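According to TrEMBL, the features are:
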- 1-21: region 'Disordered' (REGION)
- 420-525: domain 'FAD-binding FR-type' (DOMAIN)
- ARG474, PRO475, TYR476, VAL491, LYS493, MET500, SER501, THR542: FAD binding site (BINDING)
Amino acid sequence: MAFSFGFEDDEADDAKTSPAGPSVLKAGKVQAHQAPVKEHTLEELIAKLPDHLSYSTVRIESPTGRVLFLPKRDLYDVRVQLLQEGPTNDDVIDQIGTSDLRSGVYEGGFKTWECSLDLASLLLDRGPRKDIDELIRCDQIIELGAGTALPSLVLFQHALLNSIPLTFTLADFNDTVLRLVTLPNLILTWAATTNQPGFTTPKLDKNSTGDFDLTPEVIQHFLTDLKSNDIILRFLSGPWSPSLANLIPSSGVDMGTVILAAETIYSPESTEAFTELICGLLKRVKMSKAMIAAKRMYFGVGGSVDGLKAACRERGAVAYEIENHGVPGMEGGHVRRYATEPPKSGSNNTILYGLLGAGALGGGYYYLNSSNSTTAQHGAKNESGALGMPASKNEEKNIPAKAVAVTGVAPVKAFTGGDQGFISLLLESVENVSHNTKKFRFKLNDEDSTSGLPVASALLTKFKGPDMEKPVIRPYTPVSDEDEKGYLDFVVKVYPNGPMSEHLHAMKAGERLDFKGPIPKYPWTANKHDHIALIAGGTGITPMYQVARAIFKNPEDKTKVTLVFGNVSEEDILLKKEWEDLEREFPQRFRAFYVLDNPPEGWTQGKGFITKDLLKTTLPGPKDGNIKLFVCGPPGLYKAIAGPKKSPGEQGELSGILSELGYTQEQVYKF
């Protein structure tokens, strides 16, 4: 049964997609699982290299128009090497000369597939660290079904040019593919990227072809450069299986993994094995992401992205689709990219932002969650009655943006500031959140009114005990939405000798407390910054949640948000469910990192204090453009992270870790 993968014609100068399609010959599951899994050392593969490599170039153009020419070993050069090695390679030569894929025997690694080119083009505008997505830090790139490894070559070149330490793990079913095309392409890319004395580097343009001599001096230069840049190359062969997963190391603490793959879901059998492998790999580390390029349907053999979605859903993974539509330079194509995120597992919060989020590309997307239901972008059925698809333009017109847009009358604001003075509110209910934290709901005097608080702002609370000479006044930030009618919610932790928190925790439903406000803090408007970071400790989380909630409830606001939240124990993490909900709904734009003084057994995130290394790893860099860092927490956190505030209304000088990392006074705000 034949179907078209659309592989590049390696013998053509213009590198156009071949009109011919390969056929897939199934060898059966038994034969596939009997294939051995093996790791091949770099030295082992280098020892089998020829004296020279003949190459041509592949043109990669990104959606924004950036062009990169990559050298790629010619297939005829591979044939020549195999013929010189002897008749034992006859089967491999037959594989090169045919378009057949033999499942469990040969998986097409000698060819350059269309979706591999497509994935490489999208990666070209993004480096292997923050440029892939501003919220990711990774120390390992894994390409499954690597073959000619074009996506990895794009990132390999970026790592060389920017001296970025990375481990590249390249896996292909066939070890011959690794030694004959994968490693040679890496060496050619290195030679074309670096200027080395003593040998001529490949000159690349659309018509470039040539021979590159692999002298002992060249190989030594290659190995030396890898070591000096702290780049590690690892090679694995064999089928997708637990044995293969066991050979892939986990990323370092607070670092992440990016998995790349193209044309790997062409049949139901390959989809199941592939999804099982990537879900297992993604669950290992806190930050992890897989990006898969594939056609929507592989006719004749049964593979499809619907099959991928189902396989992810069965394993509790989150998958969202990034369409070509609206992506500059990519309209009209039939290739679809799938970013797959790991399932939740206990306290290991492993969902990470999209490698290529829909917000960055402007395309439609949807999520698959662990409840096996597909959530629509607007949370409701679309015109066709199907869940999981973005609302149509007609539907968007019918979605109310705010209450004022529906009623035509703005709701009354309970707090107007100025000379309004304190307002007495009734405590309607009290809910225990943890051993030392409670949630308080106060009823507004007008049930149709809203708080009227701008973001970000707080309210003053006041009470005077019978034996007190002066009243106690403390600011608190509500956790309820500013547009909610009729009530205010506060989450308050009790502190020893904290007169207001102790008073609140002693209050009963039906009692009253005085409030005044709003007390303006940092005025937020949509897209004021491209990326913000929230660094909080304890109840310092409430103003952070106010800002984050305002961002993510506004469909026009595309700001990315990173949270670093320190607490004593896991049960002290306030609003944890709300943060997890945001991560599930906006995985490509929001990420939370938790640090505990007393972590439970099996805790996989930060331990102890919020450290300089952690912030350097997780925050947007001081030179990353339009960023803002917010800090709120106990005095010790202020002092260590950004220096103390001079007064409630004065920021004070920036010092501490953020100053040491190179951030400026203008980039940091202390609540």
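The count begins at 1 with the first shown residue.
Cβ atoms are placed via backbone N, Cα and C, with glycine included.
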Q: Starting from the Cβ centroid of ARG474, PRO475, TYR476, VAL491, LYS493, MET500, SER501, THR542, the recorded FAD site, name every other residue in that chain with its Cβ within 8 Å, sequence order please.
A: THR461, THR477, PHE490, VAL492, LEU504, THR539
**Q.** For the domain 'FAD-binding FR-type' (420-525), residues assigned helix / strand / coil by DSSP
**A.** 8 helix, 49 strand, 49 coil
Q.
With Cβ-Cβ distance below 8 Å and at least 6 positions apart along the chain, what are the contacts of MET500 (FAD binding site)? List them in sequence order.
A. THR461, PHE463, VAL472, ILE473, ARG474
Q. Taking the residues the record says bind FAD (ARG474, PRO475, TYR476, VAL491, LYS493, MET500, SER501, THR542), how far apart in Å are the two Cα atoms that sit farthest from each other?
A. 16
Q | TYR476 (FAD binding site): tally of other CB atoms within 10 A of its CB | A | 23
Q | Confidence summary (mean pLDDT) of the domain 'FAD-binding FR-type' (420-525) | A | 94
Q: Could you list the residues of the same chain, at least six apart in sequence, whose Cβ is under 8 A from the Cβ of VAL491 (FAD binding site)?
A: VAL433, THR437, LYS438, LYS439, PHE440, VAL479, THR539, THR542, LEU574, LEU575
Q: Go through ARG474, LYS493, the listed binding-site residues, and name the one with the sparsest Cβ surroundings, counting other Cβ atoms within 10 Å.
A: ARG474
Q. How many other Cβ atoms sit within 10 Å of the Cβ of PRO475 (FAD binding site)?
A. 17
Q. Over all shown protein chains, what is the count of other CB atoms within 10 A of the CB belonging to SER501 (FAD binding site)?
A. 22
